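Per TrEMBL, the features are:
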| type | residues | note |
| --- | --- | --- |
| COMPBIAS | 9-24 | compositional bias 'Basic residues' |
| COMPBIAS | 71-94 | compositional bias 'Acidic residues' |
| COMPBIAS | 269-295 | compositional bias 'Basic and acidic residues' |
| DOMAIN | 145-252 | domain 'THUMP' |
| REGION | 1-28 | region 'Disordered' |
| REGION | 67-94 | region 'Disordered' |
| REGION | 269-322 | region 'Disordered' |
Amino acid sequence: MAAVQESKKRSRKLYTNHAAKKQRGGGARELEVGMQGILLTCNMNQRKCTAEAYSLLNEYADKLYGPEKFTEEEEEEERNSDEEEKEDDDDDAEAALKKEVKQIRSSTAKKQRRFLAMESGANNVVFVRTLNIDPNKLVHHILQDLHTTKKKKSRVILRMLPVSGTCKAFIEEMEKYLGPFLESWFKAPNQGTFQIVFKARNSSHAKRDEVIKVLAGLVGNMNPKNKVDLTNPEYTIIVEIIKNVCCVSVVRDYVLFRKFNLQEVVKNDREPEDLPSRVENCEEGKVESAKETESKSPCSEECSAGTPKQESTPTDDPIKRE
């Protein structure tokens with residue numbers, strides 16, 4: 001009898017594991033072109049990072065947009081799901097199949113929620129897709145509050161970067177997409193000082209030099225009054241490439257909010273010029289140094305998210321090499 005029950009448990013476990021893998025492999029839970037959301041970096045604990053992200057994002061989203069509303073069916077599904085998880089796992093394969101169907105229906109409802117964690121395609125990076133929410137506005141609001149109150153609200157999350165737009169990570173596609181995307185900030189009569197922060201993970205589709213040169217050219221052509229400022233720019237163009245997806249956003253207060261690092265922004269204030277030139281890259285486990293140059297570039301490049309301290313002078317090479 002015991003052997004029969006053990007056999008049923010094994011076959012149910014094999015089924016549920018296969019179904020879970022099939023659902024994950026379907027692409028619906030992975031970062032894709034066309035999405036908006038938030039990238040969160042952590043240090044070897046993505047599950048806890050995701051839990052902290054849900055808690056933090058919902059806390060501030062409730063303040064900005066009001067509590068999230070659910071239908072009666074969604075609330076019932078959530079209650080049933082919680083109750084089923086508490087029950088003993090001794091039912092047969094047929095019951096496991098019914099349970100899986102319920103979970104799939106529940107996951108369909110979850111896809112319509114304002115936050116949904118997805119596979120980013122890189123280690124120690126979590127992507128949270130947003131729906132009907134401006135990720136740039138939400139992230140800035142969170143960092144503004146943390147900077148003001150100095151109250152630490154996360155232990156695992158390191159950096160929180162908004163993703164206002166995504167496109168394919170090929171230089172032709174990026175140039176085509178980023179032209180209209182950047183107009184809101186840089187096309188005349190709009191203007192501002194800027195820098196560019198670049199990071200690529202698990203990707204070799206777009207070369208760093210090419211991306212920086214294209215971006216600098218686009219911004220310069222929109223308005224000649226757009227000037228580089230590597231010390232305290234009005235705008236920071238964040239480019240994060242993961243596999244074949246390019247995530248981009250334009251943010252304010254990048255230096256003030258310590259490069260959008262939740263652990264650093266709650267520390268005592270320091271003047272921008274007093275910030276250390278060496279920044280620990282927790283995601284990659286490296287410490288990289290921002291080097292001074294004698295040339296002035298139309299933008300700066302940071303592969304470890306560190307902001308260069310020095311402005312440089314015009315040169316044929318538009319990036320800073322490390």
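Please read every residue number as a count from 1 along the shown chain.
Glycine residues also receive a Cβ, built from the backbone N, Cα and C atoms like all the rest.
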The domain 'THUMP' (145-252) - residue tally per DSSP class, helix then strand then coil:
36 helix, 35 strand, 37 coil
If you average the pLDDT over the domain 'THUMP' (145-252), what number do you get?
96
